[in-house]
Amino acid sequence: MKSEQLKIPQATAKRLPLYYRFIESLHAAGKQRVSSTELSQAVKVDSATIRRDFSYFGALGKKGYGYNVQYLLSFFRETLDQDERTNVILVGVGNLGTALLQYNFSKNNNTVITHAFDVDEKKIGTKVGEVPVYNWDKLEEIGLQNVSIAVLTVPASQAQKSADRLVKAGIEGILNFTPVRLSVPAHIRVHHIDLAVELQALVYFLKHYPL
């Protein structure tokens with residue numbers, strides 16, 4: 001995302017890829033315009049929030065007309081750097097890591113897992129979903145040219161050590177699937193995805209906030 005647009009709220013920034021994916025599908029279907037209400041129904045974000053999110057970028061639509069799909073597609077493609085390929089590595093080729101490698105961000109044309117790392121000799125030298133698996137001990141030798149993001153799917157006991165090593169190797173962003181809250185330098189961005197916590201939260205909301 002362009003540096004001048006980083007001042008938008010983080011919650012808004014997280015929704016932009018969701019908007020882009022739906023707008024992309026509208027364009028593929030030949031639709032020429034869309035309203036905030038239609039967007040709301042599709043992405044499950046209320047229309048007022050969508051209008052507020054869009055307002056951070058100026059006049060993207062017209063009152064009474066809605067939004068031009070082609071214009072939105074071009075705008076978000078540029079905003080989300082869709083024409084620039086982002087190389088990603090994955091550390092930990094267990095069950096979850098394997099699933100992510102086989103998926104390999106198939107809906108994100110500009111994001112590709114190029115390398116995977118593990119300590120299991122049976123996995124090293126193989127390919128999972130066309131992604132080669134390398135020896136974790138050879139990380140520094142292989143090098144991470146043009147790679148700034150890592151997906152972390154190692155056992156919890158290895159999470160912090162792995163993160164420390166990734167930071168030293170030049171990684172700037174970590175998508176952390178482990179339950180460990182990583183301690184990293186201030187300039188490193190970490191997004192935590194704890195499936196157990198999300199499931200517990202869902203159970204709680206179902207019990208205490210019925211729809």
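Even glycines carry a Cβ here, placed using N, Cα and C.
Database features, via Swiss-Prot:
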DNA_BIND  18-57  DNA-binding region
BINDING   GLY92, VAL93, GLY94, ASN95, LEU96, GLY97  NAD(+) binding site
Going by DSSP, is LEU96 (NAD(+) binding site) part of a helix, a strand, or coil?
-> helix
Same-chain residues at least 6 beyond the ends of the DNA-binding region (18-57) with CB under 8 Å of its CB atoms are 5, 8-9, 12, 65-70, 72-73, 75-77, 79-80, 82, 107
Which residues in the same chain, at least 6 apart in sequence, have a Cβ under 8 Å from the Cβ of GLY97 (NAD(+) binding site)?
-> LEU90, VAL91, ALA116, ASP118, VAL151, THR153
Among VAL93, LEU96 [binding-site residues], residue with fewest other Cβ within 10 Å = LEU96
Sort out for me which one of GLY92, GLY94 has the most neighbouring CB atoms within 10 A, since those are the binding-site residues we care about.
-> GLY92
Cβ packing number for ASN95 (NAD(+) binding site), 10 Å threshold = 9
Other than GLY92, VAL93, GLY94, ASN95, LEU96, GLY97, which residues of the same chain sit close to NAD(+)? List them in sequence order, counting a residue when its Cβ is within 8 Å of the Cβ centroid of the site.
-> THR98, ALA99, LEU100, ASP118, THR153, VAL154
